[in-house]
Amino acid sequence: MAKRHSHYQGSRRRHARGSNSKKAGRGNAKGIQGRKIKKKPTPTNSWHNSSIPLGEGDLDDVGADFNPGRAFISPKTIEDYYFGRDAKSRSMKMGGLRPGNRYDSSTDLQAGRAAFRKRPMQFVKAKEVYDPSHNMIQKLRAKNETKNSEEIVEREADVFEEPGKMTSDVEYINNEDSENEDDDSQNSPSTDHSLSSNESKVEDGDLFFVDEEAQQSPDLTKIKRVCIEEIARPREVAIEFDPILTIGKVELSVSEGNESKEISVDVPNKGNKTYHPFAGYISNVLHGMHTSDSDNDELDYEIETENNSEPLYESSASSEVDQGFNYVGQRHNSRADNNLLPSPSPQLTEDIKCLSINGTKTFEGNNDNLSSPASEELEFGFKEEDFVINTNDIVVSNIRMGGVDNSYYLRCYRLLGDYDFHWIDQDLLTDFVVDELGLPEDRLPAYLNFIKNSLIPKIEPAEPTYSDIPISDSSDEGDSYEGDSYEDDEDMASSVVHSDIEEGLDDLIAYTLKHDTERFKTFETKSLETKGKGKKKKLLIDDALALDTETLETLQSKFSKRIETKAKKRKAKEDFIDQENRNSNDMLKKYPYGLHIQNIKDEFESFLSRNNDRLTFPPLDPHGNKTVMKIAKHYNMKSSKIGKANHTSVVVEKIKKTKWSSPNYSLIDQLMRQRPVFMRIDIRRPREEQAAFERTKTIRGKFHVKEGEIVGQNAPEIGNENIGRRMLEKLGWKSGEGLGIQGNKGISEPIFAKIKKNRSGLRHSES
């Protein structure tokens, strides 16, 4: 039979474990000290017998289902069922578990003893609605309706009366209205009663008026008409007007309209000739043009004479002639040459009336082919709408030019969400600038050009210095140079340059061919050959070099110095790394090979004072990890193991008890008096440190023997201090005699043993 757990037993049996009982803890009646406890006899049921019927006979027997044959239940039983027999007077536990309602007195609050938070909340609908503002509004509305109805009836009645009675009636009505207002202000309650009486006096027929005769239209001739002059208010301008508008490097004269709010650009008219915006530029270009060829001058003169009556810059299309553009050619010669005839400069014959600021075309005709400098696209930063972009927010450091679109390497927190540089496409940048920052689309190309120009500066061509062209000071050479053509000058200059370059070229080629073999000679390179190890390491030099002794010593000293320098540098580097790791919080770097028990305590003390929550120790052997966990327990910290095999280490964490409890230093001192040193098991120790911690082994000397050598040949004679020799001398032995009795003295010379390294000694032979 399976064992029954203790929580299935009664409360008394579960706690009764007497020492004198035969069945301890198994329902024994004895207590802890062996005394007997009287058990109360349990009745057949939990209901008490009573002669009082349940609910005075009005209710059924509650226990009839599980206790048939019983028809009476005492009041104590009912109280026990609903509220508990031994419950406190105001126990929330029993009141929540039982379905009863204690101290239910919602009507009488004084008689009820229950707290207000335990009483049920009841909502009762009011019989009357208390709204004083609503009543006042209703009264005022009724008063206004009666007053308006009386005025309408009186006005309609006065239409049919004589004109003489109208004045008296009006005075009477005004007096009556004033009296009514005084009465209303003095006695407001009386007006409420009069309103109901007035409403009852007015009949329904008096409320409506039927006009049987049509109303005659008034005579408009008798109405006087007055003409009122409108006074024009002076227009206040908050911005100071500047008659000169500067756009880039162009200045335009601007005029302000008197009545209209428009600003126009004044274009000067020089007589009947119409001003052209490029007239000055064209005249300067034509003024500076000249040709040295006389044939070209004659050809130009023929063209001018043949087309003198026609415009010089006439277009072949007939539509341009209809538009009214009439060009007149004019040409000025810069040189004082009378042979060249001047021609008139091209000018427009159509008048340009006005140029609007907003770019609208106000002049007549279809002059789309003409463009003014003011209509060209301005650079970024010359318009007010350009300042919606803060160049400090969008920092572009690089650009990748593409066939269709470009990519930008920029930093923008609003676009990217961080302060790092990222590559983004041009579409993403334009959408952000237009949608998010609000830059107009017409200014977008100017902004992109601004970014490109800031990253890729324009390279201006260098001015030619003509330093490679020889210039003579003599007047003869100057005259001859001016008389020759430009092509002859170039040929002469190139010949002079080539002659200077070729000077000494033959000698240079000869020298190069002479030393060509030595220049391209290859040398065999290999590492230095050495012998020995450590401090005994020396340079091995070939005897075929036939170097003298001084040179060999110099090479050996340099080689040894090189080795010492490398060792010092390596040692200094290791010392520097160790010094830096001593102040590190990482214990794997701080203790590269092992740690002392005092180091473990110091680490716990520093960890207790720091704000860190975790501390990881280096991997130790199982006993070392267990020691660290014991110390962590005495410091009121939580410890756990991480890793596997040789990489198992202990991690210490702080808990709530660590802050409010002090460490147990007595137990910590006991652990410190035990094992002192703990080495790491995840790395190998160097030989020097391994020899310091491990037991050194005795090293026996190695003896070398030679072929044919007699064993013990050089051994000294046994002296008189030897106790064995003294005993033999007492027995009658003398030096040089053999050992034995009389007649059998033995040999006087010992048998010699020779070393034979080329013999195998006695061995078993098959023969």
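Note that Cβ sites are derived from N, Cα and C of the backbone, with glycine treated the same way.
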The annotated region 'Disordered' range in Swiss-Prot, which must be one of 326-353, 466-493: 466-493
Average pLDDT across the domain 'R3H' (594-656), rounded to a whole number: 93
DSSP-derived structure type at S255 (phosphoserine), helix or strand or else coil: strand
Summary of DSSP states over the domain 'R3H' (594-656), given as helix, strand and coil counts: 30 helix, 17 strand, 16 coil
S255 (phosphoserine) CB neighbourhood, other CB atoms within 10 A: 13
